[in-house]
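Participant: My structure is below; once you've seen it, I'll send some questions.
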Amino acid sequence: MVDPRLVLEIARNMRGCNYVVEPGAGLGVVTSRLSDNAGYVLGVEVDARFIPLLGEVAREHKNIDVVYGDILELFFERVECMAGNLPYSITGPFFSRLVKVFRPKSAIFTVQREVASRLAAKPGTSSYGRLTVLVQLVYEVKLGNVYPPSSFYPPPEVYSQTVNLRLREDAVSPSEIEIVEEFTRCLFSQRNKRVAKVLRSCCENGDFVNDVGERRVYELSPSEVYSLALKCFGSSR
Ligand SMILES: C[S@@+](CC[C@H](N)C(=O)[O-])C[C@H]1O[C@@H](n2cnc3c(N)ncnc32)[C@H](O)[C@@H]1O
């Protein structure tokens, strides 16, 4: 199913975690490896066909439980760590939920290589955008290994890459992330335009004085976007 090096990379990164949630547990290959390295693993799987197999895996390992459900609709009391080969179709909504709801201290995910580049991008580059800002305001992002399509069965059409996330000490709060999410929807729809002009179209009070007005949207750092979001939307809520 999956390249053993990838399974090992994920499992090793979760060493020392007491509680790991794995979105998209599938056949349980990663799940059982995780259970060797972490105190407890909760596998989440939306496809009912995998649930009996995952039940077997859970019976063989005392520290694994399985939940049948959609990771985008579940709530957990507290998520310490999160890991897995993410279903690529839910990348956007998943990361939105990660920074607003789950907020694990530590996480490792396999994503499309292009998504990994966006998560780790620097301002001013072509990969830099809304997803970068939202995730980097909450997490330190480190790129892991790249895996070719042949690392998976069936092989996807794209290369994949792991990303390591560590919760920042100064992580922006969930309620402020919601403000940034709303603000960046408008801001990054005009990513190549000058900031002053875009603020006039995105904010009711878009004429507020700022020292970044002459720059282009995609050149703003995550913390600059955050300050502008609070000025634009914060006071009106
Ligand atoms: C890329 S596969 C990974 C499977 C397995 N963990 C592995 O590494 O071989 C993604 C898995 O996520 C499941 N999945 C897709 N969307 C999901 C969702 N919204 N919530 C939970 N699981 C989901 C799919 O059914 C599939 O089993």
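Any Cβ shown, glycine's included, is placed from N, Cα and C.
What TrEMBL records for this protein is below:
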- M1, G24, E45, D70, N85: S-adenosyl-L-methionine binding site (BINDING)
- 2-169: domain 'Ribosomal RNA adenine methylase transferase N-terminal' (DOMAIN)
Participant: Enumerate same-chain residues with a sequence separation of six or more from G24 (S-adenosyl-L-methionine binding site) and a Cβ-Cβ distance below 8 A; give 'none' if the list is empty.
Facilitator: V44, E45, V46, I71, G84, N85, L86, P87
Participant: Long-range same-chain neighbours of D70 (S-adenosyl-L-methionine binding site), Cβ under 8 Å, sequence gap at least 6?
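Facilitator: Correct list: V46.
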Participant: Check G24 (S-adenosyl-L-methionine binding site) against DSSP and tell me helix, strand or coil, would you?
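Facilitator: G24 (S-adenosyl-L-methionine binding site) sits in coil per DSSP, no helix or strand.
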